[in-house]
Amino acid sequence: MGNAIRLLRKCLNSHGVSASSGGVSALSRDLLNFETTSQVPEKLGSYVVSSQKAQANWYRKILEAWKQAKPRPKTPEEASRLVIAALKNHQKADVEGLLSFYGLPSPHNLVEVPTEAPVSLPKGVRFELNTLPVDTKSVADGDTVTVYVSSKDPLVSSSLPKDVSLAAVKRAKAREKKNYTEADALHKTIIASGYRMISFQNEEVLAKKFRIRLSGIDSPESKMPYGKEAHDELLKMVEGKCLKVLVYTEDRYGRCVGDIYCNGKFVQEVMLKKGLAWHYVAYDKRAELAKWENEARQKRVGLWASSNPEKPWEWRKNKRGGN
């Protein structure tokens with residue numbers, strides 16, 4: 001019976017939402033409707049094996065957990081974890097069916113919450129960057145992001161060119177006088193020197209630009225399968241956030257190669273576990289990176305849904321060769 005339901009589930013339309021956008025809001029709406037009417041979604045029965053009476057019992061449990069959650073789930077992963085915890089003693093087929101109905105990750109596809117940022121610097125780290133909030137346009141692809149660090153940071157202030165500092169002062173005075181033409185010209189000079197004025201907490205902050213290449217992973221290029229998904233996942237994690245970057249070295253393109261932490265999440269871990277990057281073993285042999293890639297391979301998530309996905313370094317080599 002369980003196999004028949006799972007087969008039927010593949011043939012039917014879902015709740016009409018995507019895991020990346022509408023699943024959480026659809027669940028929220030249905031919980032609100034259940035609280036008012038005690039009715040479960042009509043089409044849910046096509047995805048689960050239990051009766052409507054049992055389904056109503058699930059929604060009572062999920063609704064209670066939803067109300068107690070602080071903050072409320074915002075991502076598909078958070079919503080999935082809440083449902084799984086609320087229905088931990090129920091049939092696996094029912095839980096997976098309910099998650100499938102909303103387009104939420106199933107238990108075997110659920111990415112574990114990454115580890116917190118290390119208290120002490122790992123071996124090989126040369127310095128640490130603490131960035132200003134990341135802009136939407138700063139994410140180039142799934143493994144490269146541009147960040148800015150305030151000139152008040154000791155690491156930046158110790159090497160701040162005098163002409164850049166002076167240009168920032170002159171720009172502020174020009175803006176006070178509403179001479180925006182001069183202010184814009186001065187800002188172009190600042191930008192050409194590798195700095196920028198960033199609006200932060202109701203003030204203009206002089207900040208230095210750093211291009212960051214995530215250490216140990218290689219995501220699909222933008223024109224490759226899953227290139228857009230990798231870009232979008234990285235953007236979703238870092239957009240508007242202040243990051244901690246542990247820098248190991250500089251690559252031949254002048255980028256800082258390092259680990260990125262965002263709200264305690266290790267960004268490379270998320271990208272690997274979601275199947276949106278390869279472990280770049282040629283440049284980083286950390287065992288945990290290989291482990292996270294292998295977990296994604298076994299679950300066949302992301303790019304590992306393909307039996308033999310093209311490696312980005314081979315794709316780049318072929319492009320350079322004119323193939």
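Glycine is treated like the rest: Cβ placed from N, Cα and C.
Listed in Swiss-Prot for this protein:
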type	residues	note
LIPID	Gly2	N-myristoyl glycine
LIPID	Cys11	S-palmitoyl cysteine
DOMAIN	130-306	domain 'TNase-like'
BINDING	Asp143, Asp218	Ca(2+) binding site
ACT_SITE	Arg213	active site
ACT_SITE	Glu221	active site
ACT_SITE	Arg255	active site
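On the structure: features taken from Swiss-Prot.
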residue	record	DSSP (3 states)
Asp143	Ca(2+) binding site	coil
Arg213	active site	strand
Asp218	Ca(2+) binding site	strand
Arg255	active site	coil
Distance from Arg213 (active site) back to Arg255 (active site), taken between C-alpha atoms, in Å: 6
Neighbour-count leader, CB within 10 A, active-site residues: Arg213, Arg255: Arg213
Taken over the domain 'TNase-like' (130-306), the model's mean pLDDT: 94
Other CB atoms, at most 10 A from the CB of Glu221 (active site): 20
Count of other CB atoms lying within 10 Å of the CB belonging to Asp143 (Ca(2+) binding site): 28
Surrounding CB atoms that lie within 10 Å of the CB of Asp218 (Ca(2+) binding site), all protein chains: 23
